[in-house]
Amino acid sequence: MASNRHIRGYRQASNFTYVSPCVKYLIFLLNFIFWLFGGLLIGIGLYAFVDKWQLTGWVKLENVYDVILNVSLVMVIMGGVVFIVSFAGCLGALRENTCLLKFYSLCLLIFFLMEMGIAILGFVFPHSMQSLLEENFTDKIIHTYRDDPDLQNFIDFAQQEFKCCGLSSEGYMDWSKNEYFNCTSPSVEHCGVPFSCCINATDLSSRLVNIMCGYGVQTLSVAEASKKVWTSGCIEIVRSWAERNLYTIAGIALGIALSQLFVIYLAKTLEGQIDLQKSSSSNNSVYYFEEVYEVSMPNMPIFTNY
């Protein structure tokens, strides 16, 4: 009877688990999606980086600004971070590995704190952030406009979408800092600005882009130039756009923050369940040993040495 009681208790202990399959596979599914997204970012970034290398024959990476302003390299780095962190979440949930889950939740917490810090600085000190960006990035971006095709496409896209020209408060005159658009340049583009600054760069009938629409604009006054190109800097325009859409941006940021906190909660919950399961399994092993020992002792022969 003791043996039957022990077998029945052992079967119940082996079937019961503290780990919730719902929490476990929800974490796995979410991280699997982000793992694929991270791999896609790495693939696109590497393709763009290699394509640019073959096109220009060189890639300048002398300081941190060169890395930040290299769009394809930023995509590779961001994709790599997402790939590694989400892989840790996938494997940690699937294999019930508490070390990987701790690493995963710690990374999410760091991302959350960084995002909150940037959001607070942006909303509380918008003008200070604008000045900081203008001082640190205007010259670098303007100087490398023609050197990096990816950066050039990004700047053209931003200027067309936000209807701005240049970066700082000087607006379209920022382009005088570029060696191709400077008035002392022998290039045909001297005293000009990129076509993406033009108000009507595309001909409506032919759908062709007039790349010469910004030539000679730097010689005009602001009033005259405003008839041909956008004259305000992009950082100021983006700041004004963010202030107009403050509630929408805040709502999106809050949604992202709550989602991250929810996933951190799930990871810590699963981690606690795994620890509880391990503790329960250890106790069941001790219980099993004691039961076997108690049942077997009466039947064991006793040897006495004289």
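Glycine residues also receive a Cβ, built from the backbone N, Cα and C atoms like all the rest.
Quick look at what TrEMBL annotates:
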DISULFID  C165-C183  disulfide bond
TRANSMEM  25-47  transmembrane segment
TRANSMEM  67-91  transmembrane segment
TRANSMEM  103-125  transmembrane segment
TRANSMEM  246-267  transmembrane segment
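Long-range Cβ contacts of C183 (disulfide bond) within its own chain (separation 6+, distance under 8 Å): S176, H190, C191, Q218, T219. C165 (disulfide bond): 28 other CB atoms within 10 A of its CB, across all protein chains. Contact counts against the transmembrane segment (67-91), taken as Cβ pairs under 8 Å, peak for 25-47 among the stretches 25-47, 103-125, 246-267.
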